[in-house]
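According to Swiss-Prot:
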type	residues	note
BINDING	D754, D756, D758, D765	Ca(2+) binding site
COMPBIAS	35-47	compositional bias 'Polar residues'
COMPBIAS	1270-1279	compositional bias 'Polar residues'
COMPBIAS	1286-1301	compositional bias 'Polar residues'
DOMAIN	70-105	domain 'EF-hand 1'
DOMAIN	297-332	domain 'EF-hand 3'
DOMAIN	403-438	domain 'EF-hand 4'
DOMAIN	634-669	domain 'EF-hand 7'
DOMAIN	847-882	domain 'EF-hand 9'
DOMAIN	964-999	domain 'EF-hand 11'
DOMAIN	1069-1104	domain 'EF-hand 12'
DOMAIN	1176-1211	domain 'EF-hand 13'
DOMAIN	1212-1247	domain 'EF-hand 14'
DOMAIN	1359-1394	domain 'EF-hand 15'
DOMAIN	1434-1469	domain 'EF-hand 16'
DOMAIN	1470-1501	domain 'EF-hand 17'
MOD_RES	T884	phosphothreonine
MOD_RES	S1290	phosphoserine
MOD_RES	T1294	phosphothreonine
MOD_RES	T1304	phosphothreonine
REGION	18-47	region 'Disordered'
REGION	699-718	region 'Disordered'
REGION	1246-1307	region 'Disordered'
REGION	1303-1501	region 'Interaction with PARK7'
REGION	1407-1501	region 'Interaction with AR'
Amino acid sequence: MCKMAIIPDWLRSHPHTRKFTHSRPHSSPCRVYSRNGSPNKFRSSSTTAVANPTLSSLDVKRILFQKITDRGDELQKAFQLLDTGQNLTVSKSELRRIITDFLMPLTREQFQDVLAQIPLSTSGTVPYLAFLSRFGGIDLYINGIKRGGGNEMNCCRTLRELEIQVGEKVFKNIKTVMKAFELIDVNKTGLVRPQELRRVLETFCMKLRDEEYEKFSKHYNIHKDTAVDYNVFLKNLSINNDLNLRYCMGNQEVSLENQQAKNSKKERLLGSASSEDIWRNYSLDEIERNFCLQLSKSYEKVEKALSAGDPCKGGYVSFNYLKIVLDTFVYQIPRRIFIQLMKRFGLKATTKINWKQFLTSFHEPQGLQVSSKGPLTKRNSINSRNESHKENIITKLFRHTEDHSASLKKALLIINTKPDGPITREEFRYILNCMAVKLSDSEFKELMQMLDPGDTGVVNTSMFIDLIEENCRMRKTSPCTDAKTPFLLAWDSVEEIVHDTITRNLQAFYNMLRSYDLGDTGRIGRNNFKKIMHVFCPFLTNAHFIKLCSKIQDIGSGRILYKKLLACIGIDGPPTVSPVLVPKDQLLSEHLQKDEQQQPDLSERTKLTEDKTTLTKKMTTEEVIEKFKKCIQQQDPAFKKRFLDFSKEPNGKINVHDFKKVLEDTGMPMDDDQYALLTTKIGFEKEGMSYLDFAAGFEDPPMRGPETTPPQPPTPSKSYVNSHFITAEECLKLFPRRLKESFRDPYSAFFKTDADRDGIINMHDLHRLLLHLLLNLKDDEFERFLGLLGLRLSVTLNFREFQNLCEKRPWRTDEAPQRLIRPKQKVADSELACEQAHQYLVTKAKNRWSDLSKNFLETDNEGNGILRRRDIKNALYGFDIPLTPREFEKLWARYDTEGKGHITYQEFLQKLGINYSPAVHRPCAEDYFNFMGHFTKPQQLQEEMKELQQSTEKAVAARDKLMDRHQDISKAFTKTDQSKTNYISICKMQEVLEECGCSLTEGELTHLLNSWGVSRHDNAINYLDFLRAVENSKSTGAQPKEKEESMPINFATLNPQEAVRKIQEVVESSQLALSTAFSALDKEDTGFVKATEFGQVLKDFCYKLTDNQYHYFLRKLRIHLTPYINWKYFLQNFSCFLEETADEWAEKMPKGPPPTSPKATADRDILARLHKAVTSHYHAITQEFENFDTMKTNTISREEFRAICNRRVQILTDEQFDRLWNEMPVNAKGRLKYPDFLSRFSSETAATPMATGDSAVAQRGSSVPDVSEGTRSALSLPTQELRPGSKSQSHPCTPASTTVIPGTPPLQNCDPIESRLRKRIQGCWRQLLKECKEKDVARQGDINASDFLALVEKFNLDISKEECQQLIIKYDLKSNGKFAYCDFIQSCVLLLKAKESSLMHRMKIQNAHKMKEAGAETPSFYSALLRIQPKIVHCWRPMRRTFKSYDEAGTGLLSVADFRTVLRQYSINLSEEEFFHILEYYDKTLSSKISYNDFLRAFLQ
């Protein structure tokens, strides 16, 4: 029972009845069946409905709702037909077939939108109850519709009875039955299976017993295994049905008479469920009247029932629940009629119902009074039905015209001056649609049958006015109509009327909108829009206007988006045909008055209204001149704007052709003869006419009589010309108001004025703007105007400065423009930043000099500590106080007042306001060999060596003690670690070691841990790692002590040749140590290390090895261009290296970097983005961390960190974020320590494990970048972001590990590849550029490398993968792994050739005396210069500016890395070998500096 209660009633079996039940009575059953028995009636239509792709989702939803409401029973039966399993679901294809056959065809996208709104089952099928409820508003679980009666027949029907009943059911609804057959017949074969035939009959006709169907199928030769032709079956059923009907005609007539007699006994509407066809015999007004009467009687019951259905007391119930309550206590009305009735009360079936407001309208006494006509009475005759239809139309018309009756009568009298004069049907219908209510074609036709029974085509206005007055009198005397307030028209009808009205008056409506929107922004004010709507739609109430505005209102500004309204009507652009322009204040009455003035006779007006396709009337010369006068005198903005669109400015002239276009666009079309006469009259010259000349001519008094005296060419007098100009004070007063009238905001005006789109406007542009605003100034007055604004002719303005000009505020003559104010503001900001940095340095110098002095490592020849720019900068960056280059220069100038470039400790502390103390303020001795370039005395070297030896001796002694007491220490550690975590704190470790007889200070213990590589976590140490390190130190502790006793070789005193030999000796004597060091770097045992790591290891073993010596060493070994060095080959074969066999030795060394995994590359890319985000938005990210850290623990959770990464870096997948989280500093509770994170990622180079080695030193030799990794990751910063003030610079004496900066890929000589590609790209470069732009969504000028490879294959460019890789490396200009397609296409299409010269002349290189020192001139050097000459000559000016931007000090010299970066930035075709030869020529002294002026001068002779 419970299961049956859940299933709707209409899913249960049909009962059967032997009586004939008709939805409406027919006069003769024979006529019905003879019509239905026609063969064409059940033949499938040959036409196929086509889906309309222009329908929006809202349109589809509205149409589906309407059709489901009308055909709900058919749809339910169709779903039941396909739902063979009775599980209340159908497949997606079955749902689409039902929608296509029974409702409307849909496109694939439209069907997907419908499907997306239905919850699918777990098996992917569609619950069709949800579909009907969602799109039809049918709550089938509450208000189910039964399939038939409830009882089956006990006796078996005869064959004749079956044929008659089945035939009646089939042919009464033949279209639905045919659609059901076609629904099953998916392949359109015309055949169905016998079981499917039975399902159709039982679903759409009646239930059949097995013996009845067996008898029926045997009669029609339907076998179980044979397909049935349903067209033939229906044809045979039709023939047999006609024969049977003739036999039982008498009984049928008797049953019909009994049914009609039974219906005639009813005095009111049936309280039980009745057929919709019976309700159709009553008008909606009568149903409404009796519905209100019955509701007033059951008001309390209805109120209690609705209150019970609103348990939350929100005041809203569903539409279906409202219908159930009203069906129970008032009338059980069919759903379609109920929806129409509720629309009269302003209710919709798709929204929640405010039941309290609904009942309030009936609770008032006047709302409960009804007419004295009593209950509904059924009208049987045709005349009475037609009469009621006419009354319905008149009632509907008067109900909606009661408020507008006066304006309706006025409009009728205006259009027809005679009170009893006729009016055409078209004019009458247009007035009704505009002033009253929109009538359908059938309703208007029935109204015309009463007003124009003779079908003359005209309507007597006096007759219609009498009907209006009579209706008003009747409504005053009638208690029902007087008491009842008219219902507002439903919004759907109002919206349709508004759209129709706008469509009819499209051009006038659009012109009036544009008159309020001169800038064509698509927005106007709400009040202006209301004025326009009252002109064209006076019937629009305030509530309807608010509803309309809510759909097309801009939320931000509150203005009306009228183009959105036009788009809803189906108009995407301005109308093409332009009738006469309608001014702002021209109402509909004025339009009718114009018709009244002309007033042609009735036949002419009829002809004009019928002929809708005629073109706009051509105007004569006199009419156009009169129109010109009005436009100039009233300053019509539409005409002026259209004129200026062609002339660009008031002084600009337009030709005769453009002037005619202006006339046509502003609604003044003329034929050629009249136009020629017009140009003659207004004095149009061959060179054209400006707007000022045109306006001056028509403002002149002689132009007042164009009919009598043709106007002379406009030659304004001098007084008029002077009066046309205004003074500077008047312009200053009018400028803000005119600007506000012409543009919606200052940005629009600035964008219009900035013709070259560079973000800057000059005073000439400002003058053009004033002319556009019709503010005409003479030159001297314009200069005075600029003076009032604090400007001058040479000044330029950006947008913020221009915006200040547009603000309404008093201007002063001594007020400067913002361009002069802005640098002062920046100066104030920079001074504030400098002062903050200065105060921080003061605090650190007073309290923590040891921390501050770690960055102060340089001394002069006298042993005094000195400071340079980099020392202060490194200190500030170490304390997370970054300054811009300009701010730092101001801070340094505050200390270095004499401009020496360095200051002493005494001078620095004096500037800080601190007294100098030699004992306290001394250089830091820690890490003394890692300082950046200093000059020391020999005595200082000896002191440093002594300190180093003492620390080494202490470390050896401590190590010996630890090894002697290893077992005791191990037992003590195990005993101390009671939690068994293997970790103990440093303090606890010191106590244990002291108890075991190995007393160590915290500094000594820290030094040991660092030397052994034992890591610390939250000030705790894994003692197992510590003990293991002690054991491993046994082998290294017994090293021979000769090296300790002997002084290390000082490479700084050797020349490069001697340095190479000494390096060979060091490598031979320290192979084991070198192998250990290289193995620590080569964790994957590939045999390769990066060039930067290789150089660092050698410099660690070769004391004081300079960069020049190291570079010379790499060149001798021919490995200076190798990004990866095979250290195993180097150690095994360097002892037998000879300079004579250097080439052969280098060729045998294995080449190629080890392959990297895609995940590692992606991780480096993410870390680079994270580093870039932190450095560029440091304070913002810090603030976000602090906002999350509400407990002030300096930690945040994993989810909070991920949210910041998603917002500041990029949205990461779970796998990517897991790998990133593993690299973050996390405490024991799994929370991120964001101070450590910020200090790690805010430095110039991201010190991350995955990024180690990806950056290279900006030097020659070891600075050769990583080809395989650098080009595939975005770790290296783009060249455009490497500003001179923020990039790291290395000193020649700086170890590689301390000066690692983001590197760039190597130079590439792709000239042969590009030369071969030119022929192929010449024919397809436009299409290639288009494809690249489509892939470049962000419009950055570059695309992914994979996209470029795909385009190479698509356009068949015939280049190998290696060549593609070379091109990708070359055009990765931003070092972000992307391909700069614009530069690539330009280099292939723009063929630059060298300057042609005579055979006796060749390019010269500077002589040696012009340069300080020049290197060797090789053939490779000359060939490289000759090849790149055209490119350098083409772009040498911007290249020189770029060189200067990298040369901060203005020395004319650049480092090798910066020089390489600039060459890559301009796509210079150079290989690394050629680059090496250029360096040899321009840097013979190996100073790692290139004179870029000497380099450029070679190409400019």
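Any Cβ shown, glycine's included, is placed from N, Cα and C.
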Discussion item. What does the structure give for the C-alpha distance between D758 (Ca(2+) binding site) and T884 (phosphothreonine)? Integer Å is fine.
Written reply: 25
Worksheet item: Could you give the Cα-Cα distance between T884 (phosphothreonine) and D765 (Ca(2+) binding site), in whole Å?
Response: 34
Discussion item. Using Cβ atoms only, which residues of the same chain lie under 8 Å from D754 (Ca(2+) binding site) while being at least 6 residues apart in sequence?
Written reply: I760, I761, D765
Worksheet, complete the sentence: Residues lining the Ca(2+) site besides D754, D756, D758, D765 (CB within 8 A of their CB center) are T753, A755, R757, G759, I760, I761, N762
Practice prompt. For the domain 'EF-hand 17' (1470-1501), give the DSSP counts of helix residues, strand residues and coil residues.
Written response: 17 helix, 3 strand, 12 coil
Discussion item. Radius 10 Å, atoms counted are CB only; among the binding-site residues D756, D765, which position scores highest?
Written reply: D765
Response to the item:
Taken over the domain 'EF-hand 11' (964-999), the predicted model's pLDDT averages 80
Item to complete: Around the Cβ of T884 (phosphothreonine), how many other Cβ atoms lie within 10 Å? Please give the count over every shown protein chain.
Response: 14
Practice prompt. Write out how many residues of the domain 'EF-hand 7' (634-669) are helix, how many strand and how many coil, based on DSSP.
Written response: 21 helix, 2 strand, 13 coil
Worksheet item: Once the chains shown are all counted, how many other Cβ atoms turn up within 10 Å of the Cβ of D758 (Ca(2+) binding site)?
Response: 9
Practice prompt. Provide the three-state secondary structure of D765 (Ca(2+) binding site) computed with DSSP.
Written response: helix
